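J.: A single structure is presented below for examination.
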Amino acid sequence: MRQARILAALYFILTISPAISDMTDSIEMMWGNTQVLYDSAGHQTMSLTLDRWTTSAFRSKSQYLFGRFDIDIKLVPKESAGTVTTVYMVTEGPWQYHDEIDLEFLGNTTGEPYTLHTNIYAKGKGGREKQYRLWFDPAEDFNTYSIIWNPHMILILVNGKPIRRMKNQMRADTPFPLYQPMRMYASIWNAEDWATQGGRIKTDWSQAPFTAFFRNYTANACVPYNKAWICGQGSGDSSWFNQELDEEGQQKMKDVDDKNKIYDYCTDSRRFPDGYPPECASQ
């Protein structure tokens with residue numbers, strides 16, 4: 001009943017939140033070598049740089065409760081082993097109950113592909129890792145990475161193609177991010193102990209600095225307004241709020257599973273010898 005009341009209140013005001021323009025209108029720099037760049041048309045790009053002494057990060061100024069989030073990223077080119085470039089959403093309450101949606105791009109040696117590592121936490125529980133080898137070079141140009149988070153599901157898309165879904169199965173006692181607002185973060189950091197080939201390949205600091213670029217961040221989402229939440233930010237298109245994955249989208253996701261997925265916790269029998277987590281039966 002509580003869930004139904006919250007969702008009804010949100011849906012009632014779905015189309016009246018304000019729009020976002022430049023990235024710095026909605027993004028704030030946090031630490032490290034984070035810069036705002038401009039192209040010839042005056043459009044903003046943000047860069048995050050990693051060197052031996054410092055990481056870099058930025059975050060959204062607002063917290064959100066449901067939404068569609070899109071950002072274009074151009075990853076570190078060539079030698080990127082040991083580095084991790086991340087875009088993630090996370091709550092700011094007690095850590096033992098936190099929710100989180102992770103996209104982590106694990107670097108590699110020159111000529112070897114990146115790995116997109118995804119994970120979803122709900123009520124402090126993660127361990128839902130899935131990994132992909134993308135069907136393009138994500139360091140060659142900008143590509144669009146998206147998260148749709150609504151009361152029915154979390155959906156991760158790459159260039160508009162769905163690659164991962166987690167359904168809301170709270171009725172089956174599976175935790176799902178539903179009540180806690182999240183903030184979007186991006187960062188670049190050194191994870192040479194595990195990021196590349198299980199930590200076998202270390203960061204080559206002679207290739208530093210390592211820089212990734214971000215642009216066109218949009219959050220068509222529910223934002224706080226007094227003591228309520230105003231939904232439908234950006235274009236005013238609120239279709240994401242009730243969006244579910246249709247048959248065509250499910251087929252596209254299956255194609256990615258078949259061709260590009262390299263790890264799935266839901267098929268790791270060594271990790272779960274007594275049976276897979278309950279949400280694995282319906283993704």
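For all residues, glycine too, the Cβ spot is worked out from N, Cα and C.
This is the feature table in TrEMBL:
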| type | residues | note |
| --- | --- | --- |
| SIGNAL | 1-21 | signal peptide |
| DOMAIN | 9-214 | domain 'GH16' |
| ACT_SITE | Glu100 | active site, nucleophile |
| ACT_SITE | Glu104 | active site, proton donor |
| CARBOHYD | Asn108 | N-linked glycosylation site |
J.: Name, in the order they occur in the sequence, the residues of the same chain whose CB lies under 8 A from the CB of the residue listed as 'active site, proton donor' and which sit 6 or more residues away.
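T.: Within the chain, the residue listed as 'active site, proton donor' has Cβ neighbours under 8 Å at Val84, Thr85, Thr86, Tyr88, Leu116, His117, Thr118, Asn119.
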J.: Cβ neighbours within 10 Å, counted over all protein chains: which one of the recorded positions Glu100, Asn108 has the most?
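T.: That would be Asn108, with the most Cβ atoms nearby.
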J.: Any idea what the Cα distance is from the residue listed as 'active site, nucleophile' over to Asn108 (N-linked glycosylation site), rounded to a whole Å?
T.: 25
J.: Quick one: mean pLDDT on the domain 'GH16' (9-214)?
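T.: Computed over the domain 'GH16' (9-214), the mean pLDDT is 92 on the 0 to 100 scale.
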